[in-house]
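What TrEMBL lists as domain 'Deacetylase sirtuin-type' is 1-226. Marked as NAD(+) binding site by TrEMBL: 8-27, 87-90, 171-173, 194-196, Ala212. Residues annotated as substrate binding site in TrEMBL: Tyr52, Arg55. Annotation comment: TrEMBL describes His105 as active site, proton acceptor. Residues annotated as Zn(2+) binding site in TrEMBL: Cys113, Cys116, Cys132, Cys135.
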Amino acid sequence: MRVVVLTGAGISAESGLSTFRDSGGLWEGHDPMQVATPEAYDDDPGLVQRFYDERRAALARVRPNAAHDALARLEARLGEDLLVVTQNVDDLHERAGSARVHHIHGRLRSAWCTTCDERHPWDGPLGDRPPCPWCGEATLRPDIVWFGEIPYGMDLVERALGECDLFVSIGTSGVVYPAAAFVHWARGTTLELNLEPSAGASDFAESRQGPASRLVPAWVNELLGEGPGTST
Ligand code: OAD
């Protein structure tokens, strides 16, 4: 069985990372449009860099939760038949043990040089304008796909969805495209696991509500025939 899983901020919420739209539309005190657009970066690069420096530093203080662990367990069984496509810029899937993870919105622990176009693994701050390790210019920005920019690797995602038997969407509000359209691109049956019905819940064959740390392990158990599942 070929499975494509899409994850959003909701899967990392129980690890202690804020979602984007659950606290009155603010993300760590900011309107996402003020920190997650190329225009915001042009207007005030220092503010945007500081914001992402804080998010990058926060990663060191959190750990994967039972939902990330369950997806790693699923990959251990399905191997290449599972692809996790994530909108998240954290690295909690990888730290839980998943290897087949595609970050369509980029990654916090990566820096992109706008002069030489190289990308570098990055754990420290960017706000102090460090030089690019490749070309030496102080033009590193977060390797994050901002609003108005093109998500990474959509050809790969489209192909995987066109060949899958099951598409599962976990912890995403379903309002940001193209991810919100994946349910329509999926060839197989579709399932949503979310705290509440998402904007696109009625497009899924089935929608289950609850915290990811409970729903995801239960669904993985069900798929692998290992113990009790859940239907709510
Ligand atoms: P959102 O904040 O829009 O949605 C998070 C979803 O997770 C909501 O539907 C919540 O109900 C749900 N949720 C919250 N806690 C949960 C839990 N414990 N278990 C299960 N579900 C839970 O985040 P995304 O949909 O990921 O883009 O946002 C999509 C994109 O918009 C992000 O990647 C980001 C943002 O702006 C960029 O930065 C480009």
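Glycine is no exception: its Cβ is also placed from the backbone N, Cα and C atoms.
Structural mapping of features recorded in TrEMBL.
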residue: Ser12; record: NAD(+) binding site; DSSP (3 states): helix
residue: Phe20; record: NAD(+) binding site; DSSP (3 states): coil
residue: Arg55; record: substrate binding site; DSSP (3 states): helix
residue: Gln87; record: NAD(+) binding site; DSSP (3 states): coil
residue: His105; record: active site, proton acceptor; DSSP (3 states): coil
residue: Cys113; record: Zn(2+) binding site; DSSP (3 states): strand
residue: Cys135; record: Zn(2+) binding site; DSSP (3 states): coil
residue: Gly171; record: NAD(+) binding site; DSSP (3 states): coil
residue: Leu195; record: NAD(+) binding site; DSSP (3 states): coil
Cys113, Cys116, Cys132, Cys135 excluded, remaining Cβ within 8 Å of their centroid (Zn(2+)): Thr114, Thr115, Asp117, Glu118, Pro133, Trp134, Gly136, Glu137, Thr139, Leu140
Entries of Gly16, Tyr52, Cys113, Cys116, Cys135, Gly171 (binding-site residues) sitting next to ligand 1, with Cβ under 6 Å as the cut-off: Gly171
Local Cβ density at Gly171 (NAD(+) binding site) - other Cβ atoms counted within 10 Å: 27
Binding-site residues compared (Cys113, Cys116, Cys132, Leu195) - the one with the fewest other Cβ atoms within 10 Å: Cys116
Spatial separation of Cys113 (Zn(2+) binding site) from Phe20 (NAD(+) binding site) - C-alpha basis, Å: 26
Inter-residue Cα distance where the pair is Cys113 (Zn(2+) binding site) and Ser12 (NAD(+) binding site), in Å: 28
For Cys135 (Zn(2+) binding site), the number of other Cβ atoms found within 10 Å of its own Cβ: 12
Integer average pLDDT (0 to 100) for the domain 'Deacetylase sirtuin-type' (1-226): 95
Candidate with sparsest Cβ neighbourhood (10 Å radius) among Gly8, Gly16, the listed binding-site residues: Gly16
Cα-nearest neighbour of Cys135 (Zn(2+) binding site) within the listed binding-site residues, Gly8, Gly16, Tyr52, Arg55, Gly171: Tyr52
Cα-to-Cα gap, Tyr52 (substrate binding site) vs Cys113 (Zn(2+) binding site), nearest whole Å: 15
